[in-house]
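Chemist: Pasting a structure here, questions to come.
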Amino acid sequence: MAGDLTPSLFLKYGFGGALSCSITHSLVVPLDVVKTLLQTNPGKYTGMMNGFSTVIKEQGPSGLLQGLGPTAVGYALQGFLKFGFYEVFKKTYADAVGEKADQFRIPIWLAASATAEVIADIALCPNEAVRIRLVAEPTFAKSPVEAFGKIFKQEGVLGFYKGLPPILLKQVPYTMAKFAVFEFTAENVYKGLAASGKPKESLTDGQKLSVSLGSGIVAGIVAAIVSQPADTILSKINQEKTDGGVVKAIGNIMRRLGVRGLFLGLPTRCFMVGTLTAGQFFIYDGIKQMLGLTPAKK
């Protein structure tokens, strides 16, 4: 596990997380726009390519960048808190377990990532609400700032957080799978390389980043499948009236869509999240190398 985590180290880990999440999420905004539209208006869009062509035809190329601002800002903040606190809680829980920390490393990864994600999602939620509203309803506001103002005026502070339960339902399992599968995959790749006469210590930084990239792809695909139903609910609930409460609204959405409907846009999301997660760990571990920080894996 990482050494003692000082405030300075936390800021460095957070900085790496902020850049990795903001850059990768911003790069896949066009894919996310189409995915969101497939979920919120499935009768209009028949697939990913049809979604792209329809958006360009109706809104121009800029339509594929709807919600870019909230995405960049929201995921920078979320990445800072998620990666920073993941390192904090990973060490905290390992210290609490003591000598058997290595034996219980998978539960430690799961618990640390879940705790960090809850903190990060509270910060992400308002930006995600604005992003989804701008994508699903292009005429709702001319800018993210205007959208923030309209949501606050119409629904109050709670309007930004009606998507928090599904965000938690989506992001917590997603992040648990993302970190645990990444750590486990990378660990076993390094073990395999060591068995073939190439211990981790002998690898170049570029080779280590290749391991991060490959492990990130595996982690991203698994995490996308695990969190897909809640992602669909999240896209729907920001269009839903929640007068009867968020839980009731979630129940209505689930009954209306059914099991198959909850997996709308899964191929698109697997491609997007696999690419995104691989990019995140590649950038994050690259920044850690540049800053001389302890790698995420032992």
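Placement of Cβ uses the backbone N, Cα and C atoms for every residue, glycine included.
Note that this is a predicted model, so its numbers are computed, not measured.
Reproduced below are the annotations present in Swiss-Prot:
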| type | residues | note |
| --- | --- | --- |
| TOPO_DOM | 1-13 | topological domain 'Mitochondrial intermembrane' |
| REPEAT | 8-92 | repeat 'Solcar 1' |
| TRANSMEM | 14-34 | transmembrane segment |
| TOPO_DOM | 35-60 | topological domain 'Mitochondrial matrix' |
| TRANSMEM | 61-81 | transmembrane segment |
| TOPO_DOM | 82-105 | topological domain 'Mitochondrial intermembrane' |
| REPEAT | 104-188 | repeat 'Solcar 2' |
| TRANSMEM | 106-126 | transmembrane segment |
| TOPO_DOM | 127-162 | topological domain 'Mitochondrial matrix' |
| TRANSMEM | 163-179 | transmembrane segment |
| TOPO_DOM | 180-208 | topological domain 'Mitochondrial intermembrane' |
| REPEAT | 207-290 | repeat 'Solcar 3' |
| TRANSMEM | 209-229 | transmembrane segment |
| TOPO_DOM | 230-262 | topological domain 'Mitochondrial matrix' |
| TRANSMEM | 263-283 | transmembrane segment |
| TOPO_DOM | 284-298 | topological domain 'Mitochondrial intermembrane' |
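A description of the local structural setting of each listed feature is requested, covering burial, neighbours and distances.
Modeler: With helix defined as DSSP H, G or I and strand as E or B, the repeat 'Solcar 1' (8-92) counts 74 helix, 0 strand, 11 coil.
Cβ atoms under 8 Å from those of the topological domain 'Mitochondrial matrix' (35-60) belong to residues 66, 132, 135-136, 138, 231-232, 235-236, 239, 261, 264-265, 267-269, 272 of the same chain, restricted to positions at least 6 beyond its ends.
For the topological domain 'Mitochondrial matrix' (127-162), the mean pLDDT of the prediction comes to 88.
Nonlocal intrachain contacts for the transmembrane segment (163-179), taken as residues 6+ away from its ends with a CB within less than 8 angstroms of a stretch CB, comprise 82, 86, 109-110, 112-114, 116-118, 120-122, 124-125, 128-129, 132, 219-220, 222-224, 226-227, 230-231, 233-234, 237-238, 246-247, 250, 273, 277.
Each residue of the topological domain 'Mitochondrial intermembrane' (180-208) gets a DSSP state, and the totals for helix, strand and coil are 23 helix, 0 strand, 6 coil.
The list of residues near the transmembrane segment (263-283) in space but at least 6 beyond its ends in sequence, with Cβ under 8 angstroms from a Cβ of it, reads 16, 19-21, 23-25, 27-28, 31-32, 34-35, 38-39, 42, 48, 79, 174, 178, 182, 209, 212-217, 219-221, 223-225, 228-229, 231-232, 257, 296.
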Chemist: So what's near the topological domain 'Mitochondrial intermembrane' (82-105) in sequence-distant terms, Cβ-Cβ under 8 Å and 6+ beyond its ends?
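Modeler: Sequence-distant neighbours of the topological domain 'Mitochondrial intermembrane' (82-105): 1-2, 4-5, 9-11, 13-14, 16-18, 20-21, 111-113, 115-117, 119-120, 175, 179, 183, 284, 296, 298.
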Chemist: State the non-local partners of the topological domain 'Mitochondrial intermembrane' (180-208) in its own chain: residues 6+ outside its ends, Cβ under 8 Å from one of its Cβ atoms.
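Modeler: Cβ under 8 Å, 6 or more out: 105-106, 109-110, 113, 214-216, 218-219, 222-223, 277, 281, 285, 289, 295-298.
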Chemist: Determine how many residues of the topological domain 'Mitochondrial matrix' (127-162) DSSP places in helix, in strand and in coil.
Modeler: 26 helix, 0 strand, 10 coil
